[in-house]
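First the structure, in the form of structure tokens, and then the observations on it.
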Amino acid sequence: MAHALMLLLESPVLIAAIFISGIGGTFQFGFHISVLTSPSPFIKELVNTTCLQRYSISLEQWEVTLIWSFIVSIFCIGGLLGTLCAGRLSSAYGRKRCLLLNNLFAIGGAGMMLLSKTAMSFEMIMVGRFLYGINAGASLSVHTMYLVECAPKRLQGIVGVSVSTFLSMGKFSGQLLGISELLGTEDRWPWLLGFSGATALLQLITLPFLPESPKYLLLDRGDRQGCEKAIRRLWGNRDHSAEVEEMLVEHASMKGVRSHTVLDLILDQDVRWQFLTILVAFTTLQFSGINAVYLYSFDVFRTAGIPTHQLRHVALGTGLCEVSTSMVCVMVIESTGKKLMLYRGYLCMAVTLGLLTLTLYLQIQVSWMPYCSMLLIFIFIFFFSSGPAGVTVSLPGDIFNQSFKSAAYTIGCTLNWLGLFLLGLIFPVIVENMDYFCFLIFFVFCFLSGMFVWYNVPETKNRTVMEITAEFQRMHPNSGSSGEGRSRPPEPSHIKACTTTKF
């Protein structure tokens, strides 16, 4: 771990790439997940006032709630659209160019938010949320691809986890800026919703100074000279010939192999278990219960005796816990490995959800039980942030080769957006009918996913993509041998001879 951190400190351009791509990347997604909580009463009031002035109609409560639900959910629709376009565009035009152009959607969305109150138009908030969704959907996949491809093998674990760290920072920033002492007031809420425009503008100005992804230049464009120049800028002037040779081996194995579509990936028998891994990991990321835990945290804190007007400030502790745990995950991932972090996280989350259900059930009968519930909430967030949240987003880049990578990220991020949208629709109904017993549903998801990863997914630490593919084939010998698999033999000796271990 110390060696990896020293290597990172010796690569200042790579550090700059982490911060610049992160602030306009997954930070945006996390920010818009949490930012609407604070200004929701003001936006609902704007909806009612707009209809009253424009149409002389005073909306009933259910009508305001319906419009509010659409404002919230249209973000997911934009995110899904952005994800579906990002894979093909990033392969055709490059990761860096795609990130640059993506900022225009966030800047446009910010303009809509800033003018919405002055124009007395809640429709502008809808348009802004849709544009923000497109930006977040594209950045969720392209940011991850760009950053992981820019990192040397010894740093791919640390760099990959930084993607989820910026997501957590975005969620915490949305909570922090939304308090009444900052931007969560009736006068300043448009500036709160327009904050993403500033981060997008920052990336738009600074990203042109960074190089394109070396792997993209070599494997997609066949530009070896450009690849080596990008490597020297990102990693310094040390000898990187071994890394380049590994890329050349992968490039040779892909000769005559086109970039695959989503349908190709789904139908290819050789990558069936990799596809199932993405399916399970990204589905459970949304159905792990993290949103339910955040929802019930207010009730738990209130029952524990915390005054109502202080609840929002105390809830900042949950966001801070997620950010700090994600940062710790950066420090330990190189020595722990992604498989262990993934299945250990899921199984520990399942146990925590079971205990949390019990403590919530007993909190009326036992006076000190709410404090146990508070502790379990923070424990659950710890295991979520140090496991699935830190590992899942970058997982497609670890287990798929370059020809499948864009399609894999498209599938994973699409599952993420569909899960988020579906959860937004059914979660209120589940809570209304099951109350805190809804945690048992998420318990099942976490437990089954943990067992799936334990028995069906190989460790990725210090392995190349080709070695991980060979390990999948060893674990599942009946997965087929068609299509792309014929260009990826189980573990050829000439490849092992000219490659070193890779994460």
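Including glycine, each Cβ sits where the backbone N, Cα and C put it.
The compositional bias 'Basic and acidic residues' annotation in TrEMBL covers 485-494.
Residues annotated as domain 'Major facilitator superfamily (MFS) profile' in TrEMBL: 18-461.
The region 'Disordered' annotation in TrEMBL covers 475-503.
Outside the transmembrane segment (12-31), and at least 6 residues removed from its termini, the chain residues within Cβ reach (under 8 Å) are 79, 99, 102-103, 106, 132, 135-136, 139-140, 142-144, 146-147, 150-151, 155, 159, 162-174, 195-196, 199-200, 202-204, 206-207, 210-211, 233-235, 393. Marked as transmembrane segment by TrEMBL: 12-31 (among others).
Residues or ranges marked as transmembrane segment by TrEMBL: 66-87 (among others). Non-local neighbours of the transmembrane segment (66-87) in the same chain are 29, 32, 36, 40, 43-44, 47, 59, 98, 102, 105, 122, 125-126, 129-142, 262, 406-407, 409-410, 413-414, 416-418, 420-421, 424-425; each lies 6+ residues outside the stretch with a CB under 8 Å from one of its CB atoms.
Residues annotated as transmembrane segment in TrEMBL: 99-118 (among others).
Residues or ranges marked as transmembrane segment in TrEMBL: 130-148 (among others).
Cβ atoms under 8 Å from those of the transmembrane segment (155-177) belong to residues 4-5, 7-8, 11, 14, 18, 22-23, 25-35, 37-38, 143-144, 147-148, 183-184, 192, 195, 312, 315-316, 319-320, 322-323, 326-327, 329-330, 333-334, 338, 385, 389-394, 397-398, 461, 502-503 of the same chain, restricted to positions at least 6 beyond its ends. According to TrEMBL, the transmembrane segment annotation covers 155-177 (among others).
Sequence annotations record features per position, and here TrEMBL assigns transmembrane segment to 189-210 (among others).
The transmembrane segment annotation in TrEMBL covers 275-294 (among others).
For the transmembrane segment (314-333), the list of distant contacts is 1, 5, 34, 157-158, 160-162, 164-165, 168-169, 171-172, 175-176, 179, 294, 297-298, 301, 306, 341, 377-378, 381-382, 384-386, 389-391: same-chain residues at least six beyond its ends, Cβ to Cβ under 8 Å. The transmembrane segment annotation in TrEMBL covers 314-333 (among others).
Listed by sequence, the residues of this chain that lie at least six past the ends of the transmembrane segment (345-362) yet keep a Cβ under 8 A from its Cβ atoms are 284, 288-289, 293, 296, 300, 369-370, 372-373, 376-377, 379-380, 383-384, 386-388, 391, 436-437, 439-440, 442-443, 446-447, 449-451, 453-454. Marked as transmembrane segment by TrEMBL: 345-362 (among others).
Residues or ranges marked as transmembrane segment by TrEMBL: 368-395 (among others). With a cut-off of 8 Å between Cβ atoms, the residues of this chain six or more beyond the transmembrane segment (368-395) that come close are 26, 140, 144, 148, 160-161, 163-165, 167-168, 277-278, 281-282, 284-285, 288-290, 293, 296-297, 300-301, 303-305, 317-318, 321-322, 325-326, 328-330, 332-333, 338, 341-342, 344-346, 348-349, 352-353, 355-356, 359-360, 362, 412.
Positions annotated as transmembrane segment by TrEMBL: 407-430 (among others).
Annotation source TrEMBL lists transmembrane segment at 436-457 (among others).
In this model, the domain 'Major facilitator superfamily (MFS) profile' (18-461) carries an average pLDDT of 89. Simply put, out of 99-118, 130-148, 189-210, 275-294, 436-457, 275-294 has the most Cβ pairs sitting under 8 Å from the transmembrane segment (407-430).
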